[in-house]
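K.L.:
Sequence annotations record features per position, and here Swiss-Prot assigns region 'Disordered' to 1-118. Per Swiss-Prot, compositional bias 'Low complexity' is recorded for 24-36, 90-109. Look at Swiss-Prot and you will find 66-89 tagged as compositional bias 'Polar residues'. Here Swiss-Prot flags 119-195 as domain 'RRM'. Swiss-Prot lists 120, 128, 129, 153, 158, 162, 186, 196 with the feature site 'Interaction with RNA', giving similarity to another entry as the kind of evidence.
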């Protein structure tokens, strides 16, 4: 029995293994062309497709390559991108840190320079008996002092001064400690000294003719330089030029001789009377130019006078008229006012008023108490 059993085992082992079940092979579908012109064509059966072999491992390997090949292709460029991004991020962080360090160094250097620069303090309300050593002793405890200055005038100390420290930090510390302290009953004030801005302000002249005084007052006090456009006495211009060009001692008498030698202006009929206020003689009324010391030519014309303005004659026909008047004093010419209203007064009245004041100033100039001779 044992032999039979062994034989059976051997026979069982000798049997060929059963072939694996094969998959159903697909049958190729016959492809028929459409009939042309109703004539049936002979069709040969097409060759069947080769049966694919599914038993081997080659298809699995092929599928493996097909599955992982695109993954490897996509994974290859990702490495350099990540490395580039990492490097660029590191470089950006490095640049930012370098800029921050440079800014901090610059700021620290600027702060150091500011602290080491000299600084000037303005000290006000200090005692009047204080002198430079006293102020230096007061501020010297806070640092090295370069300069101390107390402002004086002809009567003594003005109560304020300046202290210059070598270091700005010492100056700030002294200002914080000493500002508001009481010294000898006076509360001193310590502030940073600032430079005074000097601006050249041009004064606006209210008069178009260049005079700061009004024309009437200017004609009374300085007739030799009273020359404005339209003024009907051009001799003043020539006289002013002669006065500026001549080297004279004391009062320029030649100026007044030029005025006396020049022919007087014509009479203006529209000019009314003038009231001169005199404290000694009361109110004296003088009409026009007739009561003046100059005689008025009756037949002269304006053209003739325009040709003779500024002409110096050999004789001085009006020299005898410079004696003091018998009816009024020199002080009577100081204050005067026209009788006519300012609204109804014409331009001729104003011109006559200026001319009268001009002649009055010439009269007074001959007896000026400021003349040295």
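Cβ atoms are placed via backbone N, Cα and C, with glycine included.
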K.L.:
For residue 120 (site 'Interaction with RNA'), which of the recorded sites 128, 129, 153, 158 has the nearest Cα in space?
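P.N.:
Checking each of 128, 129, 153, 158 against residue 120 (site 'Interaction with RNA'), the shortest Cα distance is to 158.
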K.L.:
If you draw a 10 Å sphere on the Cβ of residue 186 (site 'Interaction with RNA'), how many other Cβ atoms land inside?
P.N.:
15
K.L.:
To the nearest whole angstrom, what is the C-alpha distance linking residue 186 (site 'Interaction with RNA') and residue 128 (site 'Interaction with RNA')?
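P.N.:
Checking the Cα atoms of residue 186 (site 'Interaction with RNA') and residue 128 (site 'Interaction with RNA') gives a distance of 10 Å.
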K.L.:
What's the CA to CA span in angstrom from residue 129 (site 'Interaction with RNA') over to residue 158 (site 'Interaction with RNA')?
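P.N.:
Distance (Cα to Cα, whole Å): 10 Å.
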K.L.:
Restricting attention to the domain 'RRM' (119-195), give the mean pLDDT.
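P.N.:
Averaged over the domain 'RRM' (119-195), the predicted model reaches a pLDDT of 92.
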K.L.:
Restricting to the same chain and to sequence separations of six or more, state which residues have a Cβ under 8 Å from that of residue 162 (site 'Interaction with RNA').
P.N.:
120, 121, 122, 123, 147, 148, 149, 193
K.L.:
In this structure, which of the recorded sites 120, 129, 158 has the fewest other Cβ atoms within 10 Å of its Cβ?
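P.N.:
Minimum Cβ neighbour count within 10 Å, taken over the recorded sites 120, 129, 158, occurs at 129.
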K.L.:
Tally of helix, strand and coil residues over the domain 'RRM' (119-195) according to DSSP?
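P.N.:
Once the DSSP states are binned, the domain 'RRM' (119-195) shows 22 helix, 33 strand, 22 coil.
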K.L.:
Using a 10 angstroms cut-off on Cβ to Cβ distances, just flag whichever of 128, 153 is the loneliest among these recorded sites.
P.N.:
153
